[in-house]
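J.: Let me give you the structure first, and then I'll get to my questions.
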Amino acid sequence: MTILNHTLGFPRVGLKRELKKAQESYWAGNSTQEELLNVGRELRARHWQQQQQAGVDLVPVGDFAWYDHVLTTSLLLGNVPERHQNADGSIDIDTLFRIGRGRAPTGKPAAAAEMTKWFNTNYHYMVPEFQQGQQFKLGWTQLLDEVDEALALGHKIKPVLLGPITYLWLGKVKGEQFDRLSLLNDILPVYQQVLAELAKRGIEWVQIDEPALVLELPQEWLDAYQPAYQALQGQVKLLLTTYFDSIGHNIDTIRALPVQGLHVDVVTGHDDLAVLNKNLPKEWLLSLGVINGRNVWRADLSSWFERLQPLVNSRPLWLGSSCSLLHSPIDLNEETRLDAEVKSWFAFALQKCAELALLTQALNAPNDAKLAELAAYSAPIRARRSSSRVHNAQVEQRLAAITSQDIERQLPYEARAETQRKRFNLPAWPTTTIGSFPQTTEIRGLRLDFKQGRLDGKNYRTGISEHIKHAIAEQERLGLDVLVHGEAERNDMVEYFGEHLDGFVFTQNGWVQSYGSRCVKPPVIIGDISRPEAITVEWAKYAQSLTEKPVKGMLTGPVTILCWSFPREDVSRETIAKQIALALRDEVEDLEKAGIGIIQIDEPALREGLPLRRADWQAYLQWAVDAFKLNAAVAQNDTQIHTHMCYCEFNDIMDSIAALDADVITIETSRSDMELLESFEDFAYPNEIGPGVYDIHSPNVPSVEWIEALLRKAAQRIPAERLWVNPDCGLKTRGWPETRQALANMVLAAQRLREEQV
């Protein structure tokens, strides 16, 4: 039996972030909708061709999205919140953008949909909204249109569709509460209609993604799979697709389903392939996700060959990426500045396609020449194990010497809070921001000129100093209580720190999509991590010299740096996090010596790092909390430690949030209408909290009354004396006009509430 290969999805944004640029041009009114649609067509055609040329047998169609693939599925099903609907009930691309951003070139602005993390990745999806009795219909034919495009170009394709149960699982009920699973029978007819349309086009296989099957689902959700897939069978062959973890705990449900194939992630998952092979129906195709879609490391193809060869001819087999290549940069060949040895350790999306092709060829026709090719390809990643670039004896010794005293503050929170109140004398409802201010074209140009050698260090520092001075002056004028320096010197909250730590390397074009048009360029952790010199002290000290008000020192926490980087795979995540924590612990100490009394250690990714299965949570939370405390505990009692978290469901990890022992935690809550505070109320969270009062991901400016109402809602759950007032997140992606207006309204809302207390 010939083995075929396929990818589960491909990066959408383009090698030069063409999609991002086209989206933002269209949103700004600088280009037409047709010009935007043309960019999408060109990117899809290029990406299909690139995969085919790299040796991929079946290219995915339906993985492209204008904003997010879950949002695309919502539109496919006609699930558009009433506030975003067109007057005539039609659905167009601006409908999609209004749901994602809150506004579009046409239609009335309205609050954007909630956004949260896609499983345990750094990609974000738009949360589907459900209401009792809502109707579903095929409302958006993007998938079918793109299938027609790909077929017209002569590609062998495999359409990709987010499965119905995972779709419902990912959504939220709005308004009157009910069981969203009860909507299953309402959405299945749309899925049937889509599959029928695909069958008409001669499609043989459809990849139907059900990553919820790696979770510990409630029994009623597991029970729903059988009738759902009974309703979907018969029109095309269904490849039930899972990723991000193992499926062994749900195998009884899976193997009883009326599907024709199963894809499993054997990179992240730990399913025994021999047992899995034995337990599945003999006629099923088994697709093995052997090439890591979430990291940048070259695969050891010789090892994979040895592991997979016993399965050849046991059943129909495909080889695939572990998950969509969405999470990987596109092309390593674009990286012209990487050291040759380090570059030889990496593979980006196109190289991963070539890896699939090479491994498939070797398994289909194993001969000495092919095995030698596998060995030659795998040699660099094997040689890395003994590279001096990877190991630092001093770091390893310091890590081994950590004691329990190193991770505890000197005094408990209540005693620290008293010393901090005396030091800072802040008003009730203290106002602050999360850290960054708008990254203007001028700021980005300044950094780029410095990076490319067109600007010397002295003039660069002068330019950055001017932007910091401007940010401090703006905050003083607005009347904020605790200021920030604005982070003009930082391109990205993780990349900036990685650039100043040993053990990291950086790419030129290693962009991956975070959400919508937002792309990030994660650093790669290649070895042991240390801090050669202070990173943030110069700018924090300068900013503090400009004002009598406290200025926060701003650090990205160890768990977030780990989660938002491509990590090394030869040591545990715990080891990496604690190495980063030790490096940043020294930074906390240096900031204190420079007179900085409030230090924020951002951990927006803390929850995102959770394993997908609860059985594995406790071990992760223990070392994640310890890493944060190792970073922070060197601070003196009158130094106020803040932390910030994003997109979190906190109720199931409140013990660990409290265990961080941060003096103040700021969280994103505005999109969820403060419902996240219920977790803190139920837990009786003891420290101070800054619930975000407006959504910085939307350009809409909140009114004073809106902010005041949210703060009143917050005060019903948290004592007012422990509440701070702040936006949801950093302001780097916003413009100055809306930033000024929103912050002015926020400060005024806080002042009104203070006046009531007098």
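Quick reminder: no glycine exception, Cβ is built from N, Cα and C everywhere.
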J.: For the 5-methyltetrahydropteroyltri-L-glutamate site that Swiss-Prot gives with Arg17, Glu18, Leu19, Lys20, Arg518, Cys519, Trp564, Glu608, which of Lys108, Lys117, Lys422 also belongs there?
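T.: Answer per Swiss-Prot: Lys117.
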J.: Please state which member of Glu668, Glu705, Glu708 Swiss-Prot lists alongside His644, Cys646, Cys729 for binding Zn(2+).
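T.: Same Zn(2+) site in Swiss-Prot: Glu668.
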J.: Determine which of Asp300, Asp602, Asp616 appears in Swiss-Prot for the same L-methionine site as Ile434, Gly435, Ser436, Glu487.
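T.: The candidate from Asp300, Asp602, Asp616 that Swiss-Prot ties to L-methionine along with Ile434, Gly435, Ser436, Glu487 is Asp602.
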J.: So of all those binding-site residues, Leu19, Cys519, Cys646, which one's Cα sits nearest to Ser436 (L-methionine binding site)?
T.: Cys646
J.: Please classify the secondary structure at Leu19 (5-methyltetrahydropteroyltri-L-glutamate binding site) using three-state DSSP.
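T.: Looking at the DSSP assignment, Leu19 (5-methyltetrahydropteroyltri-L-glutamate binding site) belongs to a helix.
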J.: Which recorded positions are spatial neighbours of Asp602 (L-methionine binding site) here, meaning Cα within 10 Å, out of Arg17, Leu19, Cys519, Glu668, His697?
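T.: Taking Arg17, Leu19, Cys519, Glu668, His697 one by one, none has a Cα falling within 10 Å of Asp602 (L-methionine binding site).
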J.: CA-CA, which of the recorded positions Cys519, Glu608, His644, Glu668, His697 lies nearest Ile434 (L-methionine binding site)?
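T.: Among Cys519, Glu608, His644, Glu668, His697, His644.
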J.: I'd like to know which of these binding-site residues, Leu19, Ile434, Cys519, Cys646, Cys729, is least surrounded, judged by other CB atoms within 10 A.
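T.: Selected from the binding-site residues Leu19, Ile434, Cys519, Cys646, Cys729 on minimum Cβ neighbours within 10 Å: Cys519.
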J.: Cα-Cα, whole number of Å: Lys117 (5-methyltetrahydropteroyltri-L-glutamate binding site) versus His644 (Zn(2+) binding site)?
T.: 16
J.: Max CA to CA distance in Å over the L-methionine-binding set Ile434, Gly435, Ser436, Glu487, Asp602?
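T.: Site span for L-methionine, by Cα atoms: 14 Å.
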J.: Going by Cα-Cα distance, which of the binding-site residues (Arg17, Cys646, Glu668, Cys729) sits nearest to Glu487 (L-methionine binding site)?
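T.: Closest candidate to Glu487 (L-methionine binding site), judged by Cα separation, is Cys729.
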J.: What is the set of residues, excluding Ile434, Gly435, Ser436, Glu487, Asp602, whose C-beta falls within 8 angstroms of the centroid of the C-beta atoms at the L-homocysteine site?
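T.: Neighbours found: Thr433, Val484, Met493, Met554, Gln600, His644, Cys729, Gly730, Lys732.
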J.: Taking only same-chain residues 6+ apart in sequence, whose CB is under 8 Å from that of Arg17 (5-methyltetrahydropteroyltri-L-glutamate binding site), what do you get?
T.: Trp511, Cys519
